[in-house]
Amino acid sequence: MSRPPPPFAPQNPTPGPNPAGPASSLPASFSNLQISRAPPPFASGGPPPGNGPAPSSIRGPQAPPPGARPFPGSPPPPSQPAPPLARPAASVQQSPPFGGPPAAQPQQMPPFNGSPFGPPAQVQRAPFGGPPGASQPPPFSGPPAALSQHPPFGGSPAAPTQPGPLGGPPYSAAQPPPFGGLPGAMAQRPFSGGSMPPFGGQQPPSQQGPYGGPPQFGGQRPGSQPPPFGAQVAPPSQPPPFMGPPGLNAPAFGPPGWQGQARPGIVPGGMQPPMRMPGMPGNMLPSALGQGMPSTPTMPYSPHAGAQVSTPSKIDPNQIPRPITETSVTIFETRQGGQAAVPPAASSEFIVKDTGNCSPRLMRCTMNQIPCTGDLLTTSGMPLALMVQPFALPHPSEEPIQLVDFGEMGPVRCSRCKAYINPFMRFVDQGKFFICNLCGFSNDTPREYLCNLGPDGRRRDADERPELCRGTVEFVASKEFLVREPMPAVYFFLIDVSMNAVHTGATAAACSAISQALSDLPEGPRTMVGIATFDSTIHFYSLKRSQQQPLMLIVPDIQDVYTPLQTDLILPLSECRESLEQLLESIPNMFENNRVADSAFGAAMKAGFLAMKSTGGKLLVFQSVLPSVGTGSLSAREAEGRSNISTGDKEAHKLLQPVDKTLKTMALEFAEYQVCVDVFITTQSYVDIASISVVPSTTGGRVYCYFPFSALSDPAKLFNDLRWNISRPQGFEAVMRVRCSQGLQVQDYSGNFCKRVPTDIDLPAIDSDKTIMVTFKHDDKFQENSECAFQCALLYTTVYGQRRIRVINISLTCTSMLSNLFRYADLETQFTYLVKQAASGIPSSPLSQVRDQVTSTCINILQSYRKYCASVSSSGQLILPEALKLLPLYTLALIKSIGLRNDGRVDDRSYWVSIVSSISVLLAVPLVFPRMISLHDLTSRDDEDTLIPNPLTLNSENIHDDGIYLLENGEDGFIYVGNAVNPVTLEQIFGVSSLAGVPTQLALEQFDNELSKKVNEVLNEIRRQRCSYLRLRLCQKGDQSGDFFRSLLVEDKAPGGLSYVEFLVHVHRQIQSKMT
Amino acid sequence: MSEFLDLEALDGIRMPWNVIPGTREDAASCVVPVSAIYTPLKSIPNVPVVPYSPLRCRMCRSILNPFSMVDYDAKIWLCPFCFQRNHFPQHYSSISENNLPPELFPQHTTIEYISTPETGPAVPPVFIFVVDTCMIEEEIGYLKSALAQTAELLPDNSLIGFITFGTYVQVHELGFGLLPKSYVFKGTKEVSKEQILEQMCFFAGKQKPATGVIAGTRDGLSSESISRFLVPASECEFVFNSVIEELQKDPWHIPADQRASRCTGTALSVAASLLGVCVPGSGARIMAFVGGPSTEGPGSIVSKSLSESIRSHKDLDKDSAPLYDKAVKFYDQIAKQLVHQGHVLDLFACAVDQVGVAEMKVAIEKTGGIVVLAESFGHSVFKDSLLRIFQSTEDDLGLSFNGILEINCSKDIKIQGIIGPCTSLEKKSPLSADTVIGQGNTSAWKMCGLDKKTSLCFVYDISRKVGPDSITQSTSNQLYLQFVTYYQHHDGQMRLRATTISRKWASSSDNVQELIDGFDQEAAAAVVARLVSFKMETEADFDPIRWLDRALIRLCSKFGDYQKETPSSFSLSTRLSIFPQFMFNLRRSQFVQVFNNSPDETAYFRMMLERENVGNAVAMIQPSLISYSFQSGPAPVLLDVTAIAADKILLLDSYFTVVIFHGITIAQWRNAGYQDQEGHEVFAQLLKAPHEEAGTIIKERFPVPRLVVCDQYGSQARFLLAKLNPSVAYNSDNPSPGGDVIFTDDVSFEVFMDHLQRLSVQ
């Protein structure tokens, strides 16, 4: 049966590199998740055996009892209808889906950590196995008890122990824990990263806990014990956009600066998970942990519990792979032992030491080893792409990027491919020549740059020169990079003042946001501002000092716009701050009685553009209604689509394409003159974001959407978004090119930019939130174990007017082993790739096709793994590569995401697509796979070591009528209030005893009580992590908002989608059918 | 001569022929056409103003007048034009020989009717200031202060609009109190009325009507939307002043080798459209203040490059002014639009350069606008003229709006057209002659703007042919002309002025003396001057000198007294005696001799000629010269270089310029300061007298003439010398008594007369 993927043992070695030490740790990278079906076997005998053999795969059980194949057969559990998967009767009521799977647990084991499949058993154990063993037991034992609660599977739910479910108690004991374990509440915490003794724990006995790390699940049972997410929590690195927790509105958030690392304490010193582990979990199985963790360094995140699991009939929902949160901070050296180290999960907190490769925040590859040939890549089914986020926020404890000034000669470059000097260029012949690591050309070393080589073959000065020892450096741009003086920092604000904008308070909100944000603009004489308002005409304001009052100049011709003045429309901030503030104050009054309903958005942008054409800069547009007149006007085609159903359905995706080329053409012109457009949409209705978003996405900006705009709750977000927009690290008039070693070539770039030539992309502006995805294809082969380098060079102007080149290098080992590809796959990056691919497909194909595409990508990858790397295991098991074990879950989440779900507004989908196009790895995952935490018990939780409580799994079992939950995806925060919540709690959090009158869009105030403070603290921490001021919405059971909330619980079965268990079964079945 | 002046004083009409040649052939042989120069709103002291509507003939719509025959018993009146019998309406029932309504009083040949209240309330006049900002700061400063002064004089109820232009056109929203606010239009693009409606938010909050004409409050616009741009003077004083205060030089950069970019045409088009939108059909003036040539957009007259010079008469003749025709066509469009809307274009052109008056002439003239041409906004010609428009004094202009003039004539006399500031309404009637001159083909004309001075030249056509019955047939030898002017008086009411005159047909074609007796040589000179300048503008290859000479010769041949082939026997009746001199001076005048003037100046002179009455027209043709000396009182002297004397002061009034010329001795005395010394009061008096006289002239005249005070041999003396008959030229044998010679090759009057006599007697 499950044959665990064997041999990983070998792998261990690899891990070795990790400093972290514990050899054992192994990169948990690969554990397979197998989902086997029939648990029964398991139950009893299974376990043990399982262990033995394939540690990992385990599922000892053999075939599903039911005999049925994996999922199919399984009858639905009584209570739960999980249809597809239906688990065997056995399956308990509750644990719906997988109930059965307990068996699964075992699977985890297989992780390959180390090596591919070979000797899995060993490996695993090693890592976990051994130690865990010891420890584990406890877990289990414990678990069982716990389990009992989860009746998940065991048909006999009741049966405390798994026995029921699994059949064999032993197992159950052991394994069950994994999944089974989740006791109700606790269960949820399943993953506490650190704590998790998870698997280890559980399985140990039986199988060895695959990875220490992954234990995710196991932990649960201890339920309480494990400190859930703890560590991970806030990736400090990101600047807390909104630091101040200020409660509500704006003012609140104090310190802007991203610089401020200050993220609130959180991570206490302990960075290394390992460390904490011990401490934490009392209960947990230390051992398990121990082992697991150790590895952490390398693979800190190993979020996944890799597990296998499942039997159709009985899949224990508690044991299927779910993300674990890391609670601790790790230190990550980008290269160790002359090789690229595998970066920690993007979502974990880590501190990077640049030892030759760039920080993974700046650039991250979908796989940490590069396939030697294109065929190998194709076989794997995985994408090869880089996510480049050149201004990604560093962790506060990281060293800043060093600035290198080569003076007039400019940075040393390869004379053939123009690559910049980097640590991987090899100096030879006493340093007289250097060989380009990208094109292989041998260059003469410039005389000024000569230096002798040391005995190790490196230049003697290599360690003193950042460009020779750091993966990321900045060069001062010499004259040859300047076509003109570096541009000043120009900010031009455009505000919609049409009737609806004024009535809904959007205009006032925009004015107040701008006014407050002025102080966040870069200081200095090179900061220029301008402002215009528009309805069916465009109103410019000349703020020239000599005039006491600003002069309002209206451009009425919105088919052919122009600027009313040549100068004086844009002035240094220092010269016009006061008059600008006054003006902003009076604009809402001035247009109070405006009865012009039309809005000339396109024309206004064009006019704003003309005003700043000579310099370039940022055009910040506040738009509130569908642009109905002037150049680039749009129509309410959504409604037209609805009224014309027949074509509407067939061509539904057309609504997601820009209506015509007008705005695109305009955007290209903007980009040419270095004007970046950000659009803040504060609307109550359809505005055709599909068309509008073309402009920001071509000019390096983005769309912000506030729908439906509420004058009560949205101004705070608007202000914070604006403030972050202008204060985050950013650069102007940028050009970026990615070079890679011979053997690969750049296939395409995707993101928010303008591309005029195939090799470069133009970014009128680039900021810390923007990520550019670069895909590659092979045009040649690599030698095994050679290195493939990537270099991203970004020429830009700082907000203070210096021209610089940021050069980001990464060099990865090449491999011809497919198993290595899987083992070194980067789940989050790959998933981000998937999300972006899906988003780019939305406007051009019907949704169902996009979803199928997404699913089949997932299936192909898993099938490749199954076929080439785990072929020995029984076909009855779903075996997942450890590194990608969450792929099915994320894929499911993607299918159910706003962008891909069938219902929902066209604008919401367009907005989703527009966000995704530039989203970072860090935010892409939560966008589709949100985080849910409970708020009502914040003050009573016992995992106080982290600010943010452990996330709950996204299924409705976790939602109780007496609870209050927050679900956030980095954009929105949905606060779900059950209908039996204690009024006292309501009073504490919302300041009301009944929610009847509270608006859906809420502004959460901070009241003088502990719970309220906590809630606000948590919220602010989340905001900081996400660099986004969440848009809060209140969801109540029984009404639409509640239904919407439930639709975000991706593990649930939804009208249009499978539950997680069902999906796993589906995936498994697909793979099986392909295999045969 | 004086009888003609008397007639003019009574009705505002002067005619070259006060006895009308009886047939078409006779009229043709009289050379000077049968015509009339009529000043519709002439200030006539005793004109009765009656508060009711006039009675009209039901056949020809002429108005009851003193020449109508009335049957008091039958209560019937006989129309003198068509001989239709009309019953008096009920309210005239008490009419009797002793109880006549004012319109039947014999002396009331001119009478005014005030509209009854039903015809609508008084409407306020509208003024839109269209101000050029492409000027040096100094000029802008002058203009600001002039405008600021004007602002105080604006009638409280008048509506004010303000537009500035340079590279772009800015329409200031005076009704918006919070900020200075203006709509900015691109200078290169004409703006239609529809665009104004659309783009300036006139439909804010309302659905735009799908069809129909939209304009004004009556036709779909809310008064709030209009009052944004047109604000009562009393309410916008502050805003208006601050807008003026903040006037700034056009901020767009001008390269050193280029002219400022000035979109005069677009600005005017915007102003016209704005008025068309806001107040169609109600009296409004666009007052354009222009400080240079239009170089941008439609109506531009020269390219921006300074290497290209502004068109001269020579360029126009040679057809090498590429923008000229286009610009004229553009302004013609504006003229049509303005006439349609009933609005006026006034132009204040103040620049050393030309500004395009020649091109804009059509729009000014057709709308009856005022034009003032000066060198600078700081010049009194501009400043004082502007003030005069708004000052209410006896000599005020009495600006009126929206006039419609209709005529009636007796049988056998038809109208060819009008030369003067008006537009044909193309209302063809039996009264319109087949031959057309000026604004013809109609019996009704629109005069968007008119004032007390506006004078129109009507050119008639005698349609009666020579025939057996022609003379006997006419039962009466009287003919009648009626002029009916319906207009918006400057106080806002609508009024109607009717003038009816009667003249006699010449009894036979042989009776030359009869015609001579009725010949008004001044009126004839004015008519000929208008004709010649009109022909110069409209007829290609027209040779004015030849035409004038031939006309004069024919006239002299017909009416002179001489023996054939004996030049020395030639003499003219006193009725005709000065006419050759007028013609001599006309030949030398700025109207005919254009090459010393720019096209702008010529256009300006002609426009003034065509709107002035006979007296002023004569001054333009033949300036008056008055001599002041110790020996005698002020006395008119011949316009001749011999008038100059060292001990005399001369006062020349050439209408546009008033020159005070001090003989050299006088100048020396004055420079020595004798006038300030005791015992020399007489000298002081002498010095003062011409200034006083000049002051009187200036006070009555609009535009204010340029006053030049100069001394003999001074550089400014050219203003006088240019006008004098060069009887003593540099090549003459006998020196002039005054010591001045004129450097010219022009013939002197004596030579001219010699030739005339010789040719006339052939």
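Cβ coordinates come from backbone N, Cα and C, glycine included.
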**Request:** Kindly point out the range from A:302-321, A:442-461 that TrEMBL annotates with region 'Disordered'.
**Result:** A:302-321
**Item:** Cβ-based contact of the domain 'Sec23/Sec24 helical' (A:826-922) with the domain 'Sec23/Sec24 trunk' (A:486-726), 3 or more pairs under 8 Å
**Value:** yes
**Asked** Taking 3+ C-beta pairs under 8 angstroms (sequence gap of 6 or more) as contact, is the domain 'Gelsolin-like' (A:949-1017) in contact with the domain 'Zinc finger Sec23/Sec24-type' (A:411-449)?
**Response** no
**Secondary structure content of the domain 'Zinc finger Sec23/Sec24-type' (A:411-449), with strand meaning DSSP E or B** = 3 helix, 11 strand, 25 coil
**Prompt:** Within the domain 'Sec23/Sec24 helical' (A:826-922), how many residues are helix, strand or coil going by DSSP?
**Reply:** 63 helix, 4 strand, 30 coil
**Complete:** Model confidence for the domain 'Gelsolin-like' (A:949-1017), as mean pLDDT, reads 88
